[in-house]
Amino acid sequence: MKSMKFPKRYLIVLLTFVSTCVCYIERVGFSIAYTVAADAAGINQSSKGTILSTFYYGYACSQVPGGWAAQKIGGRQVLLLSFVLWSSTCFLVPLDPNRVTILVVARLLVGVAQGFIFPSIHTVLAQWVPPHERSRSVSLTTSGMYLGAAMGMLVLPSLVKFRGPQSVFIAEAALGVIWSFFWFKYATDPPRSEHQKATATGFGESLLPTKASQKIKVENGGTTARTSEIPWKRILASRPVWAIVVNNFTFHYALYVLMNWLPTYFELGLQLSLQEMGSSKMLPYFNMFIFSNIGGVLADHLITKRIMSVTKTRKFLNTVGFVVSSLALMALPIFRTSAGAIFCSSVALGFLALGRAGFAVNHMDIAPKYAGIVMGVSNTAGTLAGIIGVDMTGKLLEAAKAEYSDLSSPESWRTVFVIPGLLCVFSSFIFLLFSTGERIFD
């Protein structure tokens, strides 16, 4: 490994980055394709919200099992299986808004399969990435979500226009299969680190099960105890874990509401055509990609240069990101032009992504050996946010349509954006009070 000019861990990080990119192309792609197909079939907003939120029910069910499976089987294997399952489902299922049962089952299956992805990725990164590279590595990996969303918003509306909604499913399945091939060919489990400090933080250590209280001989003749028992009670009772959980819920509430309903806001709220908006419609997600990586590099700089402690760095970036995002979200319905809406949504999503250098990396600060488990718990909350936010937004818009006769007025959308704005303020306060950058789970 030392003789390689391009360290293997960089390849692993790059592949996980591409994996999140592909996953979010799929999510944005379904939203775009289904919206076009549903509008053509005369499906109302409430019913659209129900279908769009179905994915998150399956996603929520598999988060904690995904963390457990990654811990017991290995993140590398579970990640590959997840991609094969959701890609196959996309390839086989027809996109027909009138065949509700088939769509619901398909979205549940895709949700279950994708629910294993992020716990597996966090398990893999906790093994491969040394502590001083974690902020930027996790930020790069998760920024793939936003680049994928940006690419989806840029390319897929035109694909739908010229090739039809079903073509989106075929393209997404093809991307999933291609990624699976490269992961199968190049991804491996990490060698155990020989560096004592790195090993102490979980880097390079196998997370596969060992017998409880097993004694392992070391070179100097002594022994050390290892246990595979997952401290579920301590994890679920930990205030720093709940600080992550609350912020994960808020982050994904805002993200999923915008991801699933921004196309509708442009089309019905501002009377704009996605095809005619050109590349501007991808800017909010591209901004997330940029700010996510800025946050990761900035966090590692503050920590390695000892400008701030790990705890202060996480709290600082989380607070700045969420507070600025809150202001932009609540201001969004005030702007009635394409440029104003793009600017506000870009600021909101960009600073949310900056905040991920606070709460999202914190999984590996407090529990590097159980990063997949903690991520599973926290991402379950984030997925519940998708279920609640996406479905409730559909009902709010249906009620607003009945009151205001259409969805072109700012009043129709005010509550939709104020709710995540207020959640951002609340969750940043919780993170300030209860989070820590210290390792609390051995």
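Cβ coordinates come from backbone N, Cα and C, glycine included.
Listed in TrEMBL for this protein:
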type	residues	note
DOMAIN	12-439	domain 'Major facilitator superfamily (MFS) profile'
TRANSMEM	77-95	transmembrane segment
TRANSMEM	101-125	transmembrane segment
TRANSMEM	137-156	transmembrane segment
TRANSMEM	241-262	transmembrane segment
TRANSMEM	282-304	transmembrane segment
TRANSMEM	316-334	transmembrane segment
TRANSMEM	340-359	transmembrane segment
TRANSMEM	371-392	transmembrane segment
TRANSMEM	412-434	transmembrane segment
Winner by Cβ pairs under 8 Å against the transmembrane segment (137-156), considering only 241-262, 316-334, 340-359, 371-392, 412-434: 340-359
Candidate ranges 282-304, 316-334, 340-359, 371-392 - greatest C-beta contact count to the transmembrane segment (412-434) (under 8 angstroms): 316-334
Residues of the parent chain within Cβ reach of the transmembrane segment (101-125), under 8 Å, 6 or more residues beyond its termini: 12-13, 16, 19-20, 23, 26, 30, 34, 51, 54-63, 65-67, 69-71, 74-76, 78-79, 81-83, 85-86, 89-90, 93-95, 134, 137-138, 141, 187, 207, 363-364, 371-376, 379, 383
Stretch-averaged pLDDT - the domain 'Major facilitator superfamily (MFS) profile' (12-439): 83
